[in-house]
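What TrEMBL lists as compositional bias 'Low complexity' is 366-381. Feature annotation from TrEMBL assigns domain 'G-protein coupled receptors family 1 profile' to 77-340. Among the features that TrEMBL reports, region 'Disordered' is placed at 361-381. Here TrEMBL flags 62-85, 97-118, 124-153, 174-197, 222-243 as transmembrane segment.
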Amino acid sequence: MIPPAVMDNHTENNYNYGAYFAPYRSDEPVEMLGAGLTGADLAAIPEHWLGYPAPPASAHTVLALVYVFFTAAALIGNGLVIFIFSTTKSLRTPSNLLVLQLAVLDFFMMCKAPIFIYNSANKGFAAGVIGCQTFAFIGSCSGIGAGMTNACIAYDRHSTITRPLDGRLSRGKVLLMMVCVWIYTAPWAILPLLQIWGRFVPEGFLTSCTFDYLTDTFDNKLFVACIFTTSYVFPMSAIMYFYSGIVKQVFAHEAALREQAKKMNVDSLRSNQGASAESAEIRIAKAALTVCFLYVASWTPYGVMSLIGAFGDKSLLTPAVTMIPALTCKGVACIDPWVYAISHPKYRQELQRRMPWLQINEPDDNASNATNNTANSSAPA
């Protein structure tokens, strides 16, 4: 028989043990997403998310740290592009105006990150409805605008390569294209903001916001289908069409050069053929694949997720799953300045002059100006 003193001690230890691990016991209540919210904040959250438990604090911390890294990288990279292009007259060509607009949109996209970081630090919908509307409006303007600007850049490069004599766009045409991008983007940001068609709502961990793809009404499903088509399918199709046309044109041109060289009994008509082991076809193909893959990888998760939410099995969209597309579309804002600008020799030379402490060491070869200008119009990387 166990002495009473031992029994009391044993019971006390069991009580302390159980109390310490109380949060992990199945019989304890689990805090759900949206707990503690009332009024307009609670009404803004789709019912789908209210059925899931709140994520652990560590998940919020990790996402906040990732956003801090993305924000720093995107603001520095795009900020440098904006500074160099806007202050260097030789780089302010019509084609580079489109690259400059892309950098501005990517910079604008990451200006909303403090709202996400603030929500994550407070483990939920801390910024409220106003913060949510601001976050989603900036995301719509910058995301859709960047996609259409990418399509315009693809068209500019395709026109320059396939029609070298008269295909280069004038400054007036480029400025008109830039205005059209903003006109095209505006309805998809303003209509849901004013709740005329669609609306902006929290998603996932309730720390980020986007358009409502979960409400089961005909109007909302039609809105999702329209914004998916106009904001994802159209720019992606244009990007793939124009860059595939560039690759096809370059392959045909290189084949014609090789055929002419064969007729002249020489190895190549290019004087610098031996200086580069990689053919022009391979370089242009790599550049085109880089741009196409970058766009598809960054925006396809969001597109697929919105279609599942509107027309598919909503149970597949857990809070953790829906935070992945939110990260991929932010990651592209960090990569765009490297693909479109920082990899370009002229930009790197100017950056080297202004910031020698970066140790870029880009050779300044004036004899290659014509080649560099062609590369600027045909290959982003």
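Cβ coordinates come from backbone N, Cα and C, glycine included.
For the transmembrane segment (62-85), the residues of the chain that approach it from at least six positions outside its boundaries are 91-92, 96, 99-100, 103-104, 106-107, 109-110, 113-114, 116-117, 120-121, 205, 207, 323, 327, 330-331, 333-334, 336-338, 340-342, 347, 350-351, 354, judged by C-beta separation under 8 angstroms.
Remote same-chain partners of the transmembrane segment (97-118), defined as residues 6 or more beyond its termini with a Cβ less than 8 Å from a stretch Cβ, comprise 63-64, 67-68, 70-71, 74-75, 78-79, 81-82, 85-86, 126-127, 131, 134-135, 138-139, 141-143, 145-146, 149-150, 152-153, 156, 171, 174-175, 177-178, 181, 207-208, 330, 332-333, 336-337, 340-341. Sequence-remote contacts of a segment are chain residues at least 6 beyond its ends whose Cβ falls under 8 Å from one of its Cβ atoms, and for the transmembrane segment (222-243) they are 143-144, 147-148, 150-151, 154-155, 157-158, 184, 188, 192, 197-198, 211, 213, 288, 291-292, 295-296, 299-300, 302-303, 306-307, 309-311.
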